[in-house]
Amino acid sequence: MVMGLHLLLLVFILGLGLTPPTLAQNDIRYIKFLDQHYDPKTKNGNDKYCEKMMRLRNMISPCKEINTFIHGNKASIKAICGNQNGEPHNGNQRISKSAFQVTICRHIGGSPRPPCRYRATAGFRNLVVACENDLPVHLDESIFRP
């Protein structure tokens with residue numbers, strides 16, 4: 001029993017040593033990207049939506065100047081980092097081939113401390129993202145593309 005436990009522990013430790021740390025870091029950056037920008041449930045955000053989401057996502061201490069929420073599915077967003085839904089843009093960035101429904105929340109002045117007030121702009125935009133290991137890790141901008 002003890003020998004089997006030691007063998008299991010050894011296999012686990014070896015597995016940790018063989019996992020590249022960059023994979024775990026990229027997963028964390030991708031999760032942070034989703035936390036800041038992904039909201040599949042809402043289709044059209046308004047000012048109250050922005051104030052609520054910015055508070056729920058902890059982006060109000062200090063008040064974040066601007067944030068874009070993407071209302072699409074994860075597979076389509078991830079596909080920007082590949083050829084299915086993305087193409088090279090400005091060096092190491094990628095731009096989506098298709099437009100996504102988004103809500104852009106802009107801080108409307110006043111104090112950088114809560115309570116934060118936001119103005120919502122909803123629409124369809126192409127996304128410009130930075131990718132690492134085929135995962136989006138930074139939303140650079142959302143643009144109208146002819």
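Just so you know, the numbers here start at 1 and follow the chain as drawn.
Positions of Cβ are set from backbone N, Cα and C atoms, glycine also.
What you see is a predicted model, and the numbers here were worked out from it, not measured in a lab.
Here is what Swiss-Prot says about this protein:
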type	residues	note
SIGNAL	1-24	signal peptide
MOD_RES	Gln25	pyrrolidone carboxylic acid
ACT_SITE	His37	active site, proton acceptor
DISULFID	Cys50-Cys105	disulfide bond
MOTIF	55-59	motif 'Nucleolar localization signal'
DISULFID	Cys63-Cys116	disulfide bond
DISULFID	Cys81-Cys131	disulfide bond
BINDING	Cys105	tRNA binding site
ACT_SITE	His138	active site, proton donor
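Taking the disulfide-bonded residues Cys81, Cys105, Cys116, Cys131 in turn and counting surrounding C-beta atoms within 10 angstroms, the largest count is reached at Cys105. Using CA atoms as reference points, the disulfide-bonded residues Cys50, Cys81, Cys105 were checked against His138 (active site, proton donor), and the closest is Cys81.
Broken down by DSSP into helix, strand and coil, the motif 'Nucleolar localization signal' (55-59) contains 2 helix, 0 strand, 3 coil.
Comparing the Cα of Cys116 (disulfide bond) with the Cα of every entry in His37, Cys81, Cys131, these being the recorded positions, the smallest distance points to His37.
Around the residue listed as 'active site, proton donor', taking its Cβ as the centre, 15 other Cβ atoms fall within 10 Å, counting all chains. Over all protein chains present, the Cβ of Cys63 (disulfide bond) has 19 other Cβ atoms lying within 10 Å. Non-local neighbourhood of the residue listed as 'active site, proton acceptor': Asn67, Thr68, Phe69, Ile70, Leu139, each in the same chain, at least six residues away, with C-beta under 8 Å from its C-beta.
Among the disulfide-bonded residues Cys63, Cys81, Cys131, the residue whose Cα lies closest in space to that of Cys105 (disulfide bond) is Cys63. Recorded residues Cys81 (disulfide bond) and Cys50 (disulfide bond) have their alpha carbons 27 Å apart, per Cα-Cα distance. Taking a C-beta cut-off of under 8 angstroms and a sequence separation of 6 or more, Cys50 (disulfide bond) has the following same-chain neighbours: Thr103, Cys105, Tyr118, Arg119, Ala120.
Here the Cα atom of Cys63 (disulfide bond) is found 26 Å from that of Cys131 (disulfide bond).
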